[in-house]
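Below: the structure, in structure tokens.
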Amino acid sequence: MKGLGNTIESKTITSGSSPITATPRPKPGFWKQHLSIRPEFHGDPRVELSRFRKAVILCVISQAGSLGGFSSTIYFPSLVQITADLNASQTAINASVSLFILFMGISPLVSSTLSDTFLIRRVLYIGFTLIFALASLGGGYANSAGSLIVARVFQAVGSGGASILGAGTVADIYPPEEQGTSMGLMFLGQFLGPVLGPPLGGVLAKTFGWQSTFFFMAIVAAIVIVELFFLLPETYRAPDRDLLKEMEEVKGYAAEGGDEKNASATRRTGGAFNPFQAVMLLKHPVVLLSSIELGIIFALMFSIETLAPVLFTNSYGLAEDQVGLTYLGAGGGSILGAILGGKLSDLALMRAKAKNGGEIVLEDRLSLSMWIAGFLIVPFGSLLFGFGAEKHLSIAAPIVGFGIYNFGMAQVISAGAAYLVNAIPGQGSSATAAANFLRMVMACIFSLIAQIIVDHVGYGNYGIIQAAINIVCMGLFYIVKLRGAGMRETATRKEEASRK
């Protein structure tokens, strides 16, 4: 495989007056490399990996990232069946949904901190996906609401811990000018999971029973584990580890790997392990303002997902498998939005780079198309879904409205995530985990209150509420576009000072 030669060249940097040289190491054998907890990639994966190899890695991590989305909604069409079969209360069933989302936010704090502390990604992908596979298997044998909830919690722990690593891996293997498109493609798995899960779950539940949805996810997870083991290298670079170790011995602090000023992967060692340390990055306005919009736009989308089964069953008389098919419109919107949004974000960054004499200004990634998507397309989708359901219009109205919403949402998240992962040098994984934590807490809250709001004010007014909330949060995000450079500089200075 290109980039995994038997030797590497020594690399020297200067810290103060003391030159530090990374010691080259020979490449270990195949099985030793793949069974190692910290296998080393010799060279820079952004340079050494071929485009095809990067595409394979992107495909694999996208699959790993899709597990949470699939499992979060694949059993939505069979909730009525599960309630009857387990003799469970509606409160217990709602808890299985809400706790899943909550732990999808907590688990990434652990995996991102492990990644940033021990300079690893690959073993975490495999380990957390294995947790997900075992929990899915257990969920298929659940015989009470309590055991089902436990299985769902560990499903969330496993899938959440693996999915958050994707943004860091993209930043490891792609230069900044290509990260928007790559991030959009990586997020396809996370976007498609929630919308393709219900159609598949409806068919499985109707044909084989609700337990089959859990067994199906266990099989998929096992396949992903095999792919991760054989196809995913460790993208933290071996020379950087050597440099880090030696710099710490000389100067007592950790250096960041990579060549770009805004390299995103955190590379530090030492210190107490604190999985909630990543959340503290929300104290920086650049992280908080970005995370609020990225969180609310996803949470409102998830609330529509939780409303859809009741809406299409009660108002349109659809069966379980038919309800699942209504999510395909949202899936189409997500695909188009993620691909288009990521590409336009990269183009905007490259054009601005040319105008700036080769200098990259991260805020240039937040392109005009993203603001059109957030301020106009997403609110229009909310209103069409809400009033289409409220007025009992053609079933196409809420389906198309949901699809339009997701088309806009995917553009905002693709560009916003690519921006956030590079916002604070050396804190990309943690910043992404902090944003994800806020996003999942919001999704948990809205999944609990969406039906209550609709019961009180109706679908139409809920659509207005969604549109208004999103416009306000996009306004907060626009502050980042205007003042982001200064915010990033301040945040970086404070983080560097806190690590000394």
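Glycine is treated like the rest: Cβ placed from N, Cα and C.
Where the annotation comes from TrEMBL, it is an automatic prediction and has not been curated.
What TrEMBL records for this protein:
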REGION    1-27  region 'Disordered'
COMPBIAS  7-21  compositional bias 'Polar residues'
TRANSMEM  55-76  transmembrane segment
DOMAIN    57-485  domain 'Major facilitator superfamily (MFS) profile'
TRANSMEM  88-111  transmembrane segment
TRANSMEM  123-142  transmembrane segment
TRANSMEM  148-171  transmembrane segment
TRANSMEM  183-201  transmembrane segment
TRANSMEM  213-232  transmembrane segment
TRANSMEM  286-304  transmembrane segment
TRANSMEM  324-345  transmembrane segment
TRANSMEM  366-389  transmembrane segment
TRANSMEM  395-421  transmembrane segment
TRANSMEM  433-453  transmembrane segment
TRANSMEM  459-480  transmembrane segment
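Scored on C-beta pairs under 8 angstroms, the neighbour of the transmembrane segment (286-304) with the top count among 183-201, 213-232, 395-421, 433-453 is 433-453. Recorded stretches compared: 148-171, 366-389, 433-453; the one with the most Cβ pairs under 8 Å to the transmembrane segment (123-142) is 148-171. Note: the stretches the transmembrane segment (395-421) and the transmembrane segment (88-111) are not in contact (fewer than 3 CB pairs below 8 A, sequence gap of 6 or more).
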